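Undergrad: Mind looking over this structure? Questions follow.
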There are 4 protein chains.
Amino acid sequence: MAGNSFGKLFNLTTFGESHGVAIGGVIDGCPPNITLDLEAIQNEMNRRKPGQSSIVTQRKEPDEVKFLSGIFEGKTTGTPIGFIIENANQKSKDYSHIKDSYRPSHADYVYDKKYGHRDYRGGGRSSARETASRVVAGAIAKQVLKDIKINAFTSSVGDIFIDKPYQDLDFSKIESNAIRCPDESTAEKMIARVKEIRKQGDTIGGTITCVIKNVPVGLGEPVFDKLHADLGKAMLSINAVKGFEYGSGFCGAKMKGSEHNDLYNQDGTTKTNLSGGIQGGISNGMDIYFRVAFKPVATIMQNQDTIDKDGNIVEMQGKGRHDPCVVPRAVPIVEAMAAMVLADFYLLNKMY
Amino acid sequence: MAGNSFGKLFNLTTFGESHGVAIGGVIDGCPPNITLDLEAIQNEMNRRKPGQSSIVTQRKEPDEVKFLSGIFEGKTTGTPIGFIIENANQKSKDYSHIKDSYRPSHADYVYDKKYGHRDYRGGGRSSARETASRVVAGAIAKQVLKDIKINAFTSSVGDIFIDKPYQDLDFSKIESNAIRCPDESTAEKMIARVKEIRKQGDTIGGTITCVIKNVPVGLGEPVFDKLHADLGKAMLSINAVKGFEYGSGFCGAKMKGSEHNDLYNQDGTTKTNLSGGIQGGISNGMDIYFRVAFKPVATIMQNQDTIDKDGNIVEMQGKGRHDPCVVPRAVPIVEAMAAMVLADFYLLNKMY
Amino acid sequence: MAGNSFGKLFNLTTFGESHGVAIGGVIDGCPPNITLDLEAIQNEMNRRKPGQSSIVTQRKEPDEVKFLSGIFEGKTTGTPIGFIIENANQKSKDYSHIKDSYRPSHADYVYDKKYGHRDYRGGGRSSARETASRVVAGAIAKQVLKDIKINAFTSSVGDIFIDKPYQDLDFSKIESNAIRCPDESTAEKMIARVKEIRKQGDTIGGTITCVIKNVPVGLGEPVFDKLHADLGKAMLSINAVKGFEYGSGFCGAKMKGSEHNDLYNQDGTTKTNLSGGIQGGISNGMDIYFRVAFKPVATIMQNQDTIDKDGNIVEMQGKGRHDPCVVPRAVPIVEAMAAMVLADFYLLNKMY
Amino acid sequence: MAGNSFGKLFNLTTFGESHGVAIGGVIDGCPPNITLDLEAIQNEMNRRKPGQSSIVTQRKEPDEVKFLSGIFEGKTTGTPIGFIIENANQKSKDYSHIKDSYRPSHADYVYDKKYGHRDYRGGGRSSARETASRVVAGAIAKQVLKDIKINAFTSSVGDIFIDKPYQDLDFSKIESNAIRCPDESTAEKMIARVKEIRKQGDTIGGTITCVIKNVPVGLGEPVFDKLHADLGKAMLSINAVKGFEYGSGFCGAKMKGSEHNDLYNQDGTTKTNLSGGIQGGISNGMDIYFRVAFKPVATIMQNQDTIDKDGNIVEMQGKGRHDPCVVPRAVPIVEAMAAMVLADFYLLNKMY
């Protein structure tokens, strides 16, 4: 109820603040007898972790997952998988400047009003550091999903975007550049743009596209737990996300029915896929694809006026090492959340 | 788990197929001692019901709500509110043409594959008729919310859109025209466009914008149940929805942090509101606003090839009386879902 | 959250007050493609309904279930099954004597304090009439469970009890007498006792034993949702229940480990079954059996002093037609709740 | 869904196996701004831990709780409280004798059948070691509950029982002896009995009574989440529990209504309290009291025949240091579970 759990059958509960002792989580409902590929899990962690390239924050966090339960002799036991990730950087920083002041477009103000007491260091619970726990669970969910393949990538940074359909992209190139854009010439422009923005002490938004292949027909539960509704909630729960669209999305709202309808082939596949692989909230076997919008990171290296607890105007100066663009590090988070949503419906579908 | 319930503390479970005996629902968690305005509830039903204007489907459904429990001497008792809405039109239609064939971009195919047995008449459970039950619950949720005011309106039809910020609109004009657009000259253009589309036997998509005022600070539960994540899921669970964005939305993904940050006034309000009234998933007291994209209705009055159960090609001809544009009737549904999400967090917030 | 839903995968939500328009419920999660035996459902209703024999209340309620959805051409569709049971007796009674007074050992007082407003007629929501909806869902759950057989029976009334192990009883005799006790000579004594008590204007308690056969190994989810924990909650949620024990129960607390341990046969069955078919919260394939204690009905046909809303002493005189002993009519309710618990775990177990 | 979470608003998820790296849990929903008494928490841990007296297992586990999140500067922040308890004894034991064999009346067999793969060391997840995490959460729940006082004590061991009503007992004496029985002469007999049983290499069952004082009127949610139904489930989820009764319990099933009804005083209290402080599932302000039955520990220091995975008969010899009677160490667990149930309803009641 307090919002720190996600999923029904494949359930993740997370805990932890940015600068506490550790963050972590409990995965409840992972099926037994899965031989976990621990290296694959750590690899997902590395894709999210700070310091991985020159265009992300240079903070150092090893982000090593320590599993505490639910795995025995390399295989899942069906019991809850508890894990922690220690906060290496926890003691070093000076956060006195945000102790009593509210950073603009951050959660400081609302946390203070809602809870009356908060761990202000590095944003505490509202920090995107929490998403590291999601990546652990997502990496395990991917292993539950077997043949279902989830690929997310950076599709735009500011006003630079990939102008090709996803079918023309080579997903094996996603990890070949720091911005995680499979279109190499666009990737170069994006990277240049991020570097320029960082030089200005500013930040920039972007979008991530996610494509899911080999989805069986039948995942999703009408009427409230439509597959795309749960995917949407999952994405919107990621820090900095402002929008979600799937299939034709907002463009679909401009179209006519005669243009938008996906006609069937005799085998039940469709000739077009404006539906985005989902009809009536249930997967139809075609590719699922959706797009997620991220706002620019709120912490900028420029001076801004803000207020303190007592309503006094104070000058806030960006400090520390922050991401000029959150999108490349968010790619594995998008995949992780998608994997958890699918794992949930995948397990539930066994009931039918 | 099977997806027919929505909400935690203020919970709605719906049942019913388009052409069964009745649809209805149970609202569990409505606080006691609320003197219900039953006329206001029926009024919301009338905003959604077919046949209300010349640009919507001409089907006839009185859509009268019959309350069965939870209300005594005009006031809620805190016990579950059961209600039904009889299906007036249930017996008359001939649905043999869709019994064994799958309408393109409808849920027929996936329901058949998932469940193996379905009530095909009028779409059965996948019909938007189910949303009538949501409007009942939403109308009650609005009464729980007291001072919080929710206004949705049609912000675009096809490529015709309101080109003003919502602050320049007069919400009292929303109900003054059939398309539910508060900007009168735009409304006229939209209505003309819908009539033209209908004449072509076609349909068209559109968007709805929703603005919520007088929201107290503190609604929303990090990290997974962010206020906008639950709003997003609520909207995406409505039939035909393809996208959701709040605050700056997809435009925010093109912006720089220095442009996007909302600076504080001394009283904790913000000078701008690109955050859309939500920071870190928690309401900050500013207006909440979001936009929802609806695809064009899939049932068109034109012939289309499709397949039957056995994979044979069959010609499908649009029949019956359908909406050329779903958006005007979806306005009260968007409000209803928003009201339920807010009521949930409103009640939960008493814990703090 | 407000307590009107039961079950996870096989979920029932009930609504309705004793003297409102109707009671009813929604079953969400019933698998598709089950050919429902509607007669079997009504038969369960008849086992619970008033007026069925000379030793139960002589009120008249036909208790006919009207299904509104989720069933098409005789088979479940996997969509929610909505149903109502009209309250035939709703208008006739005079309840002014309990409008402002609190019947001893009834829920009147606590409902008034908790909710501030209640439907006092016939106990309203706190009336055991609500359990009729449970019997509907239980009767359907039984059909989901196929080979699993659930038999409950009256094992004691006051200090009269069956002094044989259940293995020596013929369950086909349960329905052969009004008290639902399969041991005929004990049944006669019980019936005589109830008649005597009724003549005194008094009421009497009793116990029900339930035996479940053909349970597959593996139902139940450690650590909190142990099979017997969910069975216990289910039973304790029935009106008038004061206790639950399974297997050796309270007697087991007096035993030594060397006496209590169930030793294995080579096929995994056990030589004894003090475990009651459940080990570590998971069914082990042996018979599940448990016992449920019911207090005497609180409404007696004798004068009692009580208080009104303002704390004044008032004399309360038992009126109307009430059960002298609730146990025979509770037998199908016990079975219904057991069936729902098992159906839940039965469906969940497909995940493994 | 997989059963490792308990509670709605005050929610605990636990993880961990007896001989894994660590056990622990996440408490989600603890209100903010509570100054935690960490010593009181550790004190509850010490009441449960092994080696605390001469009549419990002599295993050594320091059972120190390490909090990882949710507490800042000594006060709760409203964010999830993650904690771990390291397994000090994890590496040392030889469990080869139970690797492939099933201990009688233990969960080994059913875990193997259900999951196909289990951590057999010390019982793994089915070990009562898991309850240490519950004690942590319960100790925090007690601090949420403020004035509500929960006292559990040993009321019987084998056939030795306290023959006084709880009102005649001095709860301050509960901790004064190793068996946790407030009646000193009975305590002596119980302790002597346990020592005798241990000498025989055997074990013995017992009961715990729990009394809750200062409960406000209104806790509990009809109809399924009755206060006593949730208490019952909570107790039945504790290892080795076979039965639960509250108020008059199984004795009430022998009584007449005229004997059993609790008549009101003018202030709304009742002259008697056979209801056990709960009417219609809702607390009425009187003391809540209930009794819990524990079977004898299944591990005995005597030889028993059992079977291995392949159905071969093998001799099983009790090894290690086990409790001859689980009851004294279960007292704080009963209190912990009761505290969690009450905290849940206590928070929920703010809605009304």
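Every residue gets a Cβ built from N, Cα and C, even glycine.
Summarising the annotation, TrEMBL assigns NADP(+) binding site to D:Arg48. Annotation source TrEMBL lists FMN binding site at D:Arg125, D:Ser126, D:Ser127, D:Asn239, D:Ala240, D:Gly280, D:Lys295, D:Pro296, D:Val297, D:Ala298, D:Thr299, D:Arg321.
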Undergrad: Of these binding-site residues, D:Arg48, D:Arg125, D:Thr299, which are close to chain A by the rule of a Cβ under 8 Å away?
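TA: Of D:Arg48, D:Arg125, D:Thr299, the entries that lie near chain A are D:Arg125.
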Undergrad: How long is the line from the C-alpha of D:Arg125 (FMN binding site) to the C-alpha of D:Arg48 (NADP(+) binding site), rounded to the nearest angstrom?
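TA: Here the two Cα atoms lie 18 Å apart.
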Undergrad: Around D:Arg125 (FMN binding site), how many other CB atoms lie within 10 A of its CB?
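TA: Its Cβ shell of radius 10 Å holds 29 other Cβ atoms.
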Undergrad: Which number gives the other C-beta atoms within 10 angstroms of the C-beta of D:Ala240 (FMN binding site), all protein chains shown included?
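TA: A count of 23.
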Undergrad: Please give the FMN site's span as the largest CA-CA distance among D:Arg125, D:Ser126, D:Ser127, D:Asn239, D:Ala240, D:Gly280, D:Lys295, D:Pro296, D:Val297, D:Ala298, D:Thr299, D:Arg321, to the nearest whole angstrom.
TA: 44
Undergrad: So which of the binding-site residues is most packed in, judged by how many other Cβ atoms lie within 10 Å of its Cβ, out of D:Ser127, D:Thr299?
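TA: When each Cβ's neighbours within 10 Å are tallied, D:Thr299 leads.
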Undergrad: Can you give me the Cα-Cα distance between D:Thr299 (FMN binding site) and D:Arg48 (NADP(+) binding site) in Å, rounded to a whole number?
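TA: Rounded to a whole number, the Cα-Cα distance is 19 Å.
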Undergrad: Using a 10 Å radius around each Cβ and counting other Cβ atoms from all shown chains, which of the binding-site residues D:Arg48, D:Lys295 yields the largest count?
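TA: That would be D:Lys295, with the most Cβ atoms nearby.
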Undergrad: Quick check for the class: what is the C-alpha distance, in angstrom and rounded, between D:Val297 (FMN binding site) and the residue listed as 'NADP(+) binding site'?
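TA: D:Val297 (FMN binding site) to the residue listed as 'NADP(+) binding site', Cα-Cα distance: 16 Å.
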Undergrad: Whole-number Å only: compute the distance from the Cα of D:Lys295 (FMN binding site) to the Cα of D:Arg48 (NADP(+) binding site).
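TA: So the alpha carbons of D:Lys295 (FMN binding site) and D:Arg48 (NADP(+) binding site) sit roughly 18 Å from each other.
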Undergrad: If we take D:Arg48, D:Arg125, D:Ser127, D:Ala240, D:Lys295 as the binding-site residues, which have a Cβ under 8 Å from chain C?
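TA: The binding-site residues close to chain C are D:Arg125, D:Lys295.
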Undergrad: Other than its own, how many Cβ atoms are within 10 Å of the Cβ belonging to D:Val297 (FMN binding site)?
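TA: Other Cβ atoms found within 10 Å: 28.
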